[in-house]
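Peer 1: The GTP binding site annotation in Swiss-Prot covers 10-17, 57-61, 115-118 and is backed by similarity to another entry. Sequence annotations record features per position, and here Swiss-Prot assigns motif 'Effector region' to 32-40 based on sequence analysis. Among the features that Swiss-Prot reports, S-geranylgeranyl cysteine is placed at 190, with the record citing similarity to another entry. Residues annotated as cysteine methyl ester in Swiss-Prot, with similarity to another entry given as evidence: 190.
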């Protein structure tokens, strides 16, 4: 059985822990408990082969900026998460999380995950958010951000579990097929004659 280490990063309260609990227990936590550091494990089959997916949940709060990178060595894949209802968490993908991950573990595959995807189809929630002048991060913006950081973009909902399995299957695929999923930009060359 191949072991794969997946570290999950992103701002506090974007839904990282809920996503991990939803995936590993098929349940949704009833209350918010900030994470300092937690581990989960999922054994699964993909394409007829067994994998042990070690899921490392990290704290997004600034207080843990010096502690969090201690979980980065030997990481096979990172999930950088943001909430589709938080522009600030979306902006921090590049201004904080990608910089941090790329500094400590350059070249490790990244999957960008937009959490709380269920809200896209919930007109009541969208209306309440608009009343508070909160706009959803458009799906296309997620795709653009993923391209910018050379990542794959997926959206998921811990509440409905929509897209959750895809996220973690993609974690494994990005490790076992690293060159098939992320197209690196071709280097431009100049020939002088």
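Using the three backbone atoms N, Cα and C, a Cβ is placed for every residue, glycine included.
Quick one: how deep are these features, and who are their neighbours?
Peer 2: In three-state terms derived from DSSP, residue 16 (GTP binding site) belongs to a helical segment.
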Peer 1: So which one is it: of the binding-site residues 58, 61, 117, which has the fewest other Cβ atoms within 10 Å?
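Peer 2: Selected from the binding-site residues 58, 61, 117 on minimum Cβ neighbours within 10 Å: 61.
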Peer 1: DSSP three-state call for residue 61 (GTP binding site): helix, strand or coil?
Peer 2: coil
